[in-house]
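*Asks:* Annotations per TrEMBL:
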ACT_SITE  Glu55  active site, proton donor
BINDING   His53, Cys83, Cys86  Zn(2+) binding site
DOMAIN    2-111  domain 'CMP/dCMP-type deaminase'
Amino acid sequence: MTDTTRFMDSALEEARKAAARGEVPIGAVVVLDGRIVAAAGNRTRELNDITAHAEIEAIRHAAASVGTERLTGADLYVTLEPCTMCAAAISFARIRRLYYGAEDPKGGAVDSGVRFYASPTCHHVPDVYSGLAEREAADILRDFFAGKR
Ligand SMILES: [Zn+2]
């Protein structure tokens, strides 16, 4: 198993844990120097906080763990294409590489919607790798919403 696969597997695990908590199942991990420094899932319901997306939670935990405001040189893995808020936070955090699973044509902001990283007001653009374990990431979401009906 490659490191990339292993890190995305950890993000998928966080997504499954989020589903078990009744949260929309999206998971993220932040990797620095080849190791996971933060792993998180969506906690918007638990925290009554619409900013508690998996990516934001992972960035907050990673920054606290490393003790720096910015995460220069860190990579972020997330199961779904980030939304506008998270795409911006990833840029502000100076994340080096963004790896995401499924595309999100309805809410994504990287390759969908506003395409934040192509905007002239975006001052740090991570390298973006999409489509990692996208079937699995999409299945977790689909199963969650199917169960809700
Ligand atoms: Zn988001």
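Numbers here mean position along the shown chain, with the first residue as 1.
Every residue, even glycine, has its Cβ placed from backbone N, Cα and C.
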*Asks:* Taking only same-chain residues 6+ apart in sequence, whose CB is under 8 Å from that of His53 (Zn(2+) binding site), what do you get?
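*Replies:* Listed in sequence order: Ile26, Asn42, Thr44, Pro82, Cys83, Met85, Cys86.
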*Asks:* List, in sequence order, the residues of the same chain other than His53, Cys83, Cys86 whose Cβ lies within 8 Å of the centroid of the Cβ atoms of the recorded Zn(2+) site.
*Replies:* Ala54, Glu55, Ile56, Pro82, Thr84, Met85, Ala87, Ala89
*Asks:* Rank the binding-site residues Cys83, Cys86 by the number of other Cβ atoms within 10 Å of each Cβ and report the first-ranked residue.
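*Replies:* In terms of Cβ crowding, the pick is Cys86.
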*Asks:* Under DSSP, is Cys83 (Zn(2+) binding site) part of a helix or a strand, or is it coil?
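*Replies:* Note: Cys83 (Zn(2+) binding site) is coil by DSSP, not helix or strand.
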*Asks:* How many neighbouring Cβ atoms, not counting its own, are there within 10 Å of the Cβ of the residue listed as 'active site, proton donor'?
*Replies:* 30
*Asks:* Do you know the mean pLDDT across the domain 'CMP/dCMP-type deaminase' (2-111)?
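*Replies:* When the pLDDT values over the domain 'CMP/dCMP-type deaminase' (2-111) are averaged, the result is 97.
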